Structure formats: structure tokens, C-alpha cells
2 protein chains.
Amino acid sequence: MKPVKVGLLGLGTVGTGVVRIVEGHQEDLSSQVGSPIIIEKIAVKNTDKDRSVAVDSSKLTTDPWEVIRDPEIDVIVEVMGGIEQTKAYMLEALELGKHIVTANKDLMALHGAEILAKAHEKQCDVFYEASVAGGIPIIRTLIEGFSSDRITKIMGIVNGTTNYILTKMSQEGASYEDVLAEAQALGYAEADPTSDVEGLDAARKMAIMGTLGFRTNVELQDVTVKGISQVSKEDIQYAKRLGYEMKLLGIADREQDQVSISVQPTMVRTSHPMAAVNGVFNAVYVYGEAVGETMFYGPGAGEMPTATSIVADLVAVIKNLKLGVNGLQTIAPYKEKKLKSDDQILSKNFILLHVDDKAGVLAQITQVFAEYGVSLESVVQQPNASTPEAEIIIVTHNASKSSMDKVLDHFEGLEVIRGIKSVYRVEG
Amino acid sequence: MKPVKVGLLGLGTVGTGVVRIVEGHQEDLSSQVGSPIIIEKIAVKNTDKDRSVAVDSSKLTTDPWEVIRDPEIDVIVEVMGGIEQTKAYMLEALELGKHIVTANKDLMALHGAEILAKAHEKQCDVFYEASVAGGIPIIRTLIEGFSSDRITKIMGIVNGTTNYILTKMSQEGASYEDVLAEAQALGYAEADPTSDVEGLDAARKMAIMGTLGFRTNVELQDVTVKGISQVSKEDIQYAKRLGYEMKLLGIADREQDQVSISVQPTMVRTSHPMAAVNGVFNAVYVYGEAVGETMFYGPGAGEMPTATSIVADLVAVIKNLKLGVNGLQTIAPYKEKKLKSDDQILSKNFILLHVDDKAGVLAQITQVFAEYGVSLESVVQQPNASTPEAEIIIVTHNASKSSMDKVLDHFEGLEVIRGIKSVYRVEG
């Protein structure tokens, strides 16, 4: 049977994995799709580089346009990264009737709607399973597995770098700086780790999952983001003492038609299955009105896990190609987006205050919470041996973001409070 | 747009959930499939029964044939259970060109190959997501999510009744009989619990997953089965002391082309994510050569979770109907089945022996293991305060089933051994 020809943009870690799987699993793959799959052309930065897979040098080019405009090529697999230029490649590929498989979360979070609209117009497939949680097939689960349900909450540990750092800080009592340096040495963190540690990478993935789960067009600017660079080893020890693990947790939730999406360091109750997701692993917890609690766990990155998701998408594109139904199964978001106001965003909160160690302070502080209608689950005051300060550790019941902001504003003006040391969301 | 008409066979717990979702989520569903979905006819045992959903009595019939032969009906949703008679209904429905969604694991484990072959012949869809692990979309994950990978191991906690019983026994130190009685009172166990507690239900689900994961036709008789009715509270306490939780664990594994599938009470290392799956929850752990470790967790049964899987399948059938591609995506198992021999089935094992409390016994016993090439991870001998016996607790390294059988046979003939109290597989 006539082989399906694939053009690959990028031959870094993930691209290499794609070549390995397409070549190594050729028999299994062609049994499923009914014809051989050939990687016809590969765009790379440097054609002379030594590589860990054998690739016929005649297939390599430094010009992505050569891949995109090759009339023999049916499907483009994009694993080169980048945003604006890559978007131009993708739109041109679609214009030429080629289907796309991409692992590019940045591209999909920022320009997904435009790319999917063009794909719809051209009756092409654009699949992007690998863009969220590497080896976990969470995108098809959200689209197909839960098509009948109404999802009300998606929680994700979707950034392996930060989860590695927080796990190490928790297990070894190490500082953020030390573990980050170690993670960089091991290749788990980039030389410039900003996008990971400041939560941007996780925010992009949450925007993609929120769009699919709530069927409304969640954009990156809709996601409230706070990273982990301010998390201290003391914070993590407080969390543990109270029965929580600190996680960089994305939460997308929905009540009626209103949604909120955020990524922030969160204390997760130890008994919750998400608290046990350690190291570079990812997990996505989905709550549906009918199904209840589900969780999907696996590797979030890496050459081979990410490549399995890409090649699974490639198999899906090729099956559609054989059936002549590419581009017909996409469901565009059909619900008007309504974001929750700060009055409607509820969470439990952990607050650590340093205060003057004298009588009446605790009463003054609890009075502030009462004034803004925030009720408390627990309050502990303890002297700090080395200073004339005391620590007050507060866990609230569910409180609105706006009330909490007012409480914290009020605290700024209170003389007895020497410092608001930490504030974290609490989950479970 | 012309509505799609569905015939429902059965209106018990799950059937009621299907009606609730199709009616309650009508707007979301029709946004996805492009037309209304109508439940046109329902076959029930008793048309006069009071029900927790409002159903127009004119839709009810006591004759399943009336539903199957209704020319208006496009899709049959089978939630009545049963095997031989139900198979006849399914084959006739396919003969008439109707698509099928079923939750019937018994039917699919026993006659899946025949039903799927008929579906292929008639270009009809047969989807059965709800037959394994209720609300967890594991079947589409095995078919589509891991289409590019080579799965080498599937482990499943796929029977909620037994997991509830073992969890309670572990958490409360209760006996099997007491917890079973309680589970029956709560409706978590049937009046006749045999199919659950003897592992048959789990075996059916493992046969279905093994077929999909290994792309070979795993039949029910290929699954070695042992249930939990012999598990004592003492066994569970031993497990805990050694750092394990007792689970009824299905394991399907593959090495090269050879597979083995079994369901048996297994001591699972506490640090393994499967050890934390408690109560009526289900989980499936999948290991792929490329992706590595993944796990899928959620409710294994219940009205609404099971109904979400059924209606998700219904959405998939209707999308295919609109695209005209029903029955074209099924991949029949294409690999010749080769079962591992007992020499090739390896596991760690826990053995509890009661022996004469005298010198030299331990040496005699460890000699037997050595004779059959089974190496030991740990051996503990302890006196039993109330009798002249001692207990010997052994954990082996990986050993073949045939070697272990020889060791146990040999033990039967040893005078110093008063009883082989327990033997369990150990995982992780």
C-alpha cells in the first residue's frame, strides 16, 4: 500500500524519539494504519551534527519551508518549538492541506484558536496530545473520554521541573536555590528556568486543558499565575507539619457557567492522590459531575514518553486520512467564556505572620478575619525562640479571593504585624 | 437536524444513569454530535415498576426484540447483562446494521471476538468502554492513547467489591467474613458474591485489557484466577508489617511475544501507586516500553460513572455515523497468541509456614529453596507463643511458577512442616 509520508520539523530530544518509534515500531504501526509510515524530510538547525539515531543525511534540510512545501508530504510533525515563526509554518502547512501533529504548548496556548480555525477551514487535523503532560493521553481523555460528562474541576501537576524541585525540598529539607542548581546540573531544569519556576509553562498547559474541559476559549491571560521561586524550605516544613505537601498546582474550576483558572504553589492534603505525585512525574485530576473523581498519572516529559504521544497522534491522523475524515471531528469551544470575579473564587488559605510577642495580638488579628467574613479552621501562635517575635499560623475555611485580599491589605497597616511571611492556597 | 434514535436494553442502575445523562446533558451532547439524541425504546423486565427517572411509559416494552428490530433505531445500548441470550440480541442487531454500546464485560470477555468480527463484517461499531473500570476511559486509552507504544505490563485493581473488602480488612483489622457481610448490607457486594470474590469478574476485565494491550486474542481461559476468600486478617497484618498492602491484582505481562495473564491476591509494596487505591475505586497501571509508568484512577462502578462511559461511547458512535465511518476503525488483534509456560512466569512470593519449633528446621527449609534454584530475599523465624510451633515467613526473589510449585510440593512431604499457611504473589 502507498506509504504515508511525514515531514519532521526539529530533531532534538523529542524529534529523535519520534524517529526511533516510527522506525522501531514500524510493523505495529503499519498493522494499525494499513500502510507504511515514512519520515520523508527533517528540518534541523545543523545538518552535520552527530545524532543518536541514524538518519539518512539526504533527508535533512536546514529550511523548514522545504519540508512544508514538499508535495509528497501528508503530515507535518512539529517538534522544533518557537511561537511566531512556527505559527507561520503551521498556517502555511494547513493552507497546503497538510495535517499537523505538534508538541508545542506555547504555540497552542497562545494561537491554538487561530490554528484550529484554519485547520477547520482546510479540513485538516491538528493534534497536540504531547503539548500537555507528555506521556499521559489527557487531551483525548478530555475530548473523548469525558465527552458525555460535565467537568467541574481540573487539577494539574503539569510541570516536571517544579515538581522535582518541590519534591526534593520536601524529602530532603533542602533550599530552593540548592535544588534548582542540582536540577540544572541534571538537565531537569533549563539554564534560564524562568518559564518553569514562575509557572508560565504550567499556565499554558492549564489554558489548553481548561479550553477542552470547559468547552470555552480559555486564553493564557485568563490564568492567574504564581511560581515557586518564593517558596522556602520553612514553608514546606510548615506544610508537612499541618499534613500537606507543597505542589505547584494548576486548578481550573467551573461553577454554573463561570470559570477560573490559576497556577500557584498550593498545600495539598497528604491524603489526596495528587500529594503523592513526586519527582518529574505529572498528574491530572479531573472531577466530573457524573463520573466523580478520576486521576491520570505518568511521565510529563522526556524523549520517549513525549514521542509516544506524538506518534499516537500521527496514527490518529493517518487513520482519518484513510477514512477521509480529517478535520471533521474537532469540536470548537461553543460556550461563551465567563470568568469568575474575585468574589467568586474560593479557597482555603494558609497564612504565616510574624507579630509582636505580646498580649492581645491574636485577638486583634482574628478580629480582622471576622471583619471581612473569613472564618478560620485553625490558629496557632508560637513564640520564636531567637527573636522578640511570635509566629501565627492560620488556616482559613473557604474564603473568597477578594476577602482575603482585604484581610492582607488590612494586615499591611497593622503595627503589631512585623511581616506577612507566607500566603498559600490550601487544597483538600 | 434529524435526531439519532437509541434503543436501550435494560433500565436498572446503569440504564437509569444513561437516561439521566442523555436527557440532562442534551444540549452539550447535541453541540458535539450535531443533532439531538433520543432514547426511542427501552426494554425492561417490568413495565409497571416505579423508577427514579421519569420515562414515558409508551417507550417501555418487555420484549428486547421489539427494540432491536425497530427500523427507526440506529444504536443499541445494552445494559441488561446476561451472556448467551444477550449475544443473540447483539448479533441480530448487528445483522440489522445497528451499532452497539455495551457495558457487558462477561459478554465481551467470552464472545468479544465473535461479536467484533460480525461488527466488522457489517461495518458497525461495537464500543464497550464501560465494561472495564466503569468511569475510567481505559479502553480508548489502550487503543488510541498507546497506539504507538509497546505495552509490556498492565496491572489492574478492577473489582470494587474485593478492593472495598481488602481495604476495610487492612484499615480496621476486620475479618473477611465480617467485611463481606457489611459490604452486602451496603450494596457493595451481591447476595451471591462468588463472581467478585473468586476473581472471575476481574479476570474478565483483564482478558479484555490483555487483548487490547497486547493485540492478541486473550481469552478468559488464558487467565489464571485466584480469589480473596482465603485471605485472612492475619495475612493482611503480615503484609503490612513487611511494607505491603494486599490487593486483588490482575497482571497481564508480555516478554517478547509471550504473554501471561493472572488475577490473584497480591502483596503490593506500599510505595507503589497501586497500593494507595482504596475502597471501591479502581485503577489500571500501564507500562509501555517507550512511555514508562502510567496510571489511571477512578470509580470502577456505580450508576453515573458507568453511564458516563456508555454515553461517551454513544457520542463516538454518533460522530462516526455522521462521518460515515462506523466499523472502520477497529483493529482486530493481529498477533498470534503465545502464552508463557510456568517456567517463564516470574514473581516474588510470600510464604508463611508453620513448623516444628526445633533446631535445624530453618536450614532444612532454605535447602529446599536452594535445590529448586529459588533465591530468598528474607527469611524470618519466630516462635508462636500459644503452640509448640514456630512461624517462618519467607519472601523470595523473582522465581518461576514451576520452581515455586516444586518447592511447595516438596514442602507437603516434609514432616517438620505442619502447614503451608499462606502463599501470595509479591509485586514491587
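Just so you know, glycine gets a Cβ as well, placed from its N, Cα and C.
Residues or ranges marked as active site, proton donor by TrEMBL: B:Lys205. Taken from TrEMBL, the feature NADP(+) binding site covers B:Leu9, B:Gly10, B:Leu11, B:Gly12, B:Thr13, B:Val14, B:Gly15, B:Thr16. What TrEMBL records for B:Lys105 is NADPH binding site. Summarising the annotation, TrEMBL assigns L-homoserine binding site to B:Glu190. Per TrEMBL, domain 'ACT' is recorded for B:350-428.
Structure coloured by features recorded in TrEMBL.
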| residue | record | DSSP (3 states) |
| --- | --- | --- |
| B:Leu9 | NADP(+) binding site | strand |
| B:Val14 | NADP(+) binding site | helix |
| B:Lys105 | NADPH binding site | helix |
| B:Glu190 | L-homoserine binding site | coil |
Worksheet item: Since the record lists B:Gly10, B:Gly12, B:Gly15 as binding-site residues, which of them has the fewest other Cβ atoms within 10 Å of its Cβ?
Response: B:Gly12
Item to complete: Report the nearest neighbour of B:Thr13 (NADP(+) binding site) in space among the recorded positions B:Lys105, B:Glu190, B:Lys205, comparing Cα positions.
Response: B:Glu190
Fill in: Length of the line joining the Cα atoms of B:Gly12 (NADP(+) binding site) and B:Glu190 (L-homoserine binding site), in Å
15
Discussion item. Counting only residues 6+ away in sequence within the same chain, which have a CB under 8 Å from the CB of B:Thr16 (NADP(+) binding site)?
Written reply: B:Arg51, B:Ser52, B:Val53, B:Glu303
Worksheet item: If you measure the residue listed as 'L-homoserine binding site' to the residue listed as 'active site, proton donor' at Cα, how many Å is it?
Response: 18
Practice prompt. Around the Cβ of B:Thr13 (NADP(+) binding site), how many other Cβ atoms lie within 10 Å? Please give the count over every shown protein chain.
Written response: 16
Response to the item:
Cα-Cα, B:Lys105 (NADPH binding site) versus the residue listed as 'active site, proton donor', nearest Å, comes out at 6
Practice prompt. Other than B:Leu9, B:Gly10, B:Leu11, B:Gly12, B:Thr13, B:Val14, B:Gly15, B:Thr16, which residues of the same chain sit close to NADP(+)? List them in sequence order, counting a residue when its Cβ is within 8 Å of the Cβ centroid of the site.
Written response: B:Leu8, B:Gly17, B:Val18, B:Val79, B:Met80
Discussion item. Please count the residues of the domain 'ACT' (B:350-428) that DSSP assigns to helix (H, G, I), strand (E, B) and coil.
Written reply: 23 helix, 36 strand, 20 coil
Discussion item. Is it possible to get the count of other C-beta atoms within 10 angstroms of the C-beta of B:Val14 (NADP(+) binding site)?
Written reply: 24
Worksheet entry | Cβ neighbours of B:Leu11 (NADP(+) binding site) where a neighbour is any other Cβ within 10 Å | 25
Worksheet entry | Neighbour tally for B:Lys205 (active site, proton donor), based on other Cβ positions within 10 Å of its Cβ | 25
Worksheet item: Looking at Cβ-Cβ distances, which residues of the chain lie under 8 angstroms from B:Leu9 (NADP(+) binding site) while being 6 or more apart from it?
Response: B:Ile42, B:Ala43, B:Pro64, B:Val67, B:Ile68, B:Ile76, B:Val77, B:Glu78, B:Val79, B:Met80, B:Thr86, B:Tyr89
